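Engineer: Below: one structure in structure tokens.
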């Protein structure tokens, strides 16, 4: 950003004609202005300017104002100070943000001349040493992440509706809550240590891709099975909510010259992946919001259709700090099973949010874990809807940390983050839901009511199991806790890349092994055959390293008795049974979960050794 400040005895401007195809709308208040003893801030918004630049500009402008003592500050868009200008839509939003922040930090009157118009002006400069100053506003230290500074008030809210100061609450019965509070309120977090989850990720084919940007993973054939299973499961979950849901697909890049896209990006604030194409600036989506909202604005929606959801497993991008990147948890590219539910009003959104909340808690319980929750809430919602908030917390059946922020900053009034406490005793956000009162209007999404009048819906955002990779982190973290307790770690059978491995002791038993494999495969399960010329001990050890739930060893006795000898990873038991019995066990363990086919050859002798098994 470049600014030229002039302390003027008198200043007059008048808008004459459009300089842009879509200039800012003229009003009686802004089309012409007369000022005395005014600090005129001629401003060029440059490519890459953001909230941090605005904050620095505010500091510079107020520093000058404190020295020259004007009655008024006028922000005057002036493109001639720079050759590296931001797009018009982005420049306008930055100018509005500059105006807003100046108003919030000074008692002086602050005005802004209209953007996108040719204007005539007359200027009478005081002529003292500080009357004309030129400044270039930049943020040094490349790669700095810009975070919105907010005044927050923290409370502990219990299921019985009592509110406590976090410093005075008794955490003896709530150690997980204390870990979350220590981090969010007091800025304390355990230093961590060796995270076994990283080893588990690599074991199953989740690796960094060194030929891409930092924070991008590649997914081997074992990892693909896990990913596809969870993607399908996430769709099954949203279909079970009892409301109509539409599955869609779309693009992952959106033009920042579109006003709603830019406004949403500015609200997101930081960690944006941006790119230029043909002199236009695009942002890579950080969730499915952009595409779904862009689609919904073109739909004709009746009140009779509400509530309904729109769902996509969206490839999403966030420019996370390099030092914070973590396999399957903090990534620059990931997959988000993003559901948005349109509701008539806030009351309906609250009702549907309870259904979403129940499903979030139900899903984490299925893998033997529990969440500790952070409720981010606006001050208006905290004051006016306290009973509603207490009802949400009662359903948690556990105290929550509440963070109250000023109203009118974000698009949501309630943003609930669900954290696990991982094997290193650190909070890790997984699932979430939000009640959004702003994006319906921002993207001009409307529905028609009984009287034919148009309204903007209230929108619920939710990732019921979290991002796909973060759900996998939770699965592996659960296994890490098992190992920490001295148990054999495992993952649920429905997610195991290979659910059954058949090991014939000799090649002469291969025909029988193939018949057993065919029967299991026809029942819908993933099975392979270790036909390599390795020793039985090595084959069993290799299957154990892959955490295969059921290892079937076939020898002469099994062939003669038409049985199978099964080693069960979860219990470390070894049992002789018929193939149908194993199929019944698999059906029970994978009931209500998706069936995804094998992503590699059935015979191990046909497979190269992947990097993660080398």
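Yeah, the Cβs are placed from backbone N, Cα and C, and that goes for glycine too.
Not measured: the values here are computed from a predicted model.
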Engineer: Among 289, 328, find me the residue Swiss-Prot lists at the same Zn(2+) site as 340, 461.
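Structural biologist: It is 289, as the record lists it for that site.
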Engineer: Can you count the other CB atoms that lie within 10 A of the CB of residue 340 (Zn(2+) binding site)?
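Structural biologist: Result for residue 340 (Zn(2+) binding site): 25 other Cβ atoms within 10 Å.
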Engineer: Please list, in sequence order, every residue of the chain apart from 289, 340, 461 whose Cβ lies within 8 Å of the Cβ centroid of the Zn(2+) site.
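Structural biologist: Here the non-site neighbours turn out to be 287, 288, 292, 293, 338, 339, 434, 436, 439, 459, 460, 462.
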Engineer: Mind tallying the region 'Editing domain' (1-138) by DSSP state, helix then strand then coil?
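Structural biologist: Looking at the region 'Editing domain' (1-138) with DSSP, the answer is 39 helix, 56 strand, 43 coil.
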Engineer: Let me know how many other Cβ atoms fall within 10 Å of the Cβ of residue 461 (Zn(2+) binding site).
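Structural biologist: The answer is 22.
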Engineer: Is residue 461 (Zn(2+) binding site) helix, strand or coil when read with DSSP?
Structural biologist: strand
